[in-house]
Amino acid sequence: AALREGYERFDPRAYLRNNYLPPRADFSSEEFVVPWKLRCLAETFASGEIRGRTLIDVGSGPTIYQLLSACDHFEEIVATDYLAVNREELGRWARGEPGAFDWSPFIQHVCKIEGRGEPWQDKERRLRDRLRRILPIDVHRPDPLGSPLSPPADALLSAFCLEAVSPDRAAFARALLHVGSLLRPGGHALLLGALGESFYLAGPARLPVVPLALSDVRAALAGAGLTLRQLRSYAMPPALRTGVDDVDGVFFAHAQK
């Protein structure tokens, strides 16, 4: 209940300013956090192993950067979020409406690291074409979408969602189990998340986060029936500790059901 109340004050634009503009969104060096996240995803999708009909993005928030490398490997991408304001923000970008957040620096960077010489506008169009549904979700329900995804997703992606909407580690593990039910057997799960974070700011909202260690991530994945394939971590440098949160680092996990 306290989490729900806090999220009623969530400001998507403030969240985007805090995390997806400089200094955190600095593409001048691979040492910065946003290029690190994008490289983790690009390298993992470059294997060609993670592909299929449907990818579901759990707790998309108001962001699309996490889908840029994924969109080349799936016919359909389903974005989801608990908050209507985030779903509206995503819809504005997907429709190309004036005033939507400018993701072009992210798209250009992903095209650069993927190294195929593709015009960034082509990738932008492809993601918009494949982002066909933006659905409400509640990861604390055993059936997060309200009804089963049919057919189940070939892959699941979730970035900075589960630890930010769970009151404790047990709730984080249950939420991962719930969203894992959306994935077919053999399907792949990719997670980006915060390490050692207890709060973050989004406008007037100060939102609690479960402070996770890598051992918590490993245990939750195992409990959800997901076999860990890869686990990477990033330590947040002092220059990026801007006061909008108290995050120590970021993890990237690739697991398989």
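Numbering starts at 1 and runs along the chain as it is shown here.
A Cβ is built for glycine as well, from the same backbone N, Cα and C atoms used for every other residue.
Features as listed in TrEMBL:
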- Tyr15, Tyr20, Gly59, Ser60, Tyr65, Asp81, Asn86, Asp138, Val139: S-adenosyl-L-methionine binding site (BINDING)
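Overlay of TrEMBL annotations on the structure.
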residue : record                               : contacts (Cβ under 8 Å, 6+ apart)
Tyr15   : S-adenosyl-L-methionine binding site : Gly61, Pro62, Ala202, Gly203
Gly59   : S-adenosyl-L-methionine binding site : Thr80, Asp81, Tyr82, Ile137, Val139, Ser158, Ala159, Phe160, Cys161, Leu162, Ala164, Val165
Tyr65   : S-adenosyl-L-methionine binding site : Tyr20, Val34, Lys37, Leu38, Trp103, Phe106, Val110
Asn86   : S-adenosyl-L-methionine binding site : Phe10, Pro12, Ser60, Gly61, Pro62
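Neighbour count (other Cβ atoms within 10 Å of the Cβ, all protein chains): 23 for Val139 (S-adenosyl-L-methionine binding site).
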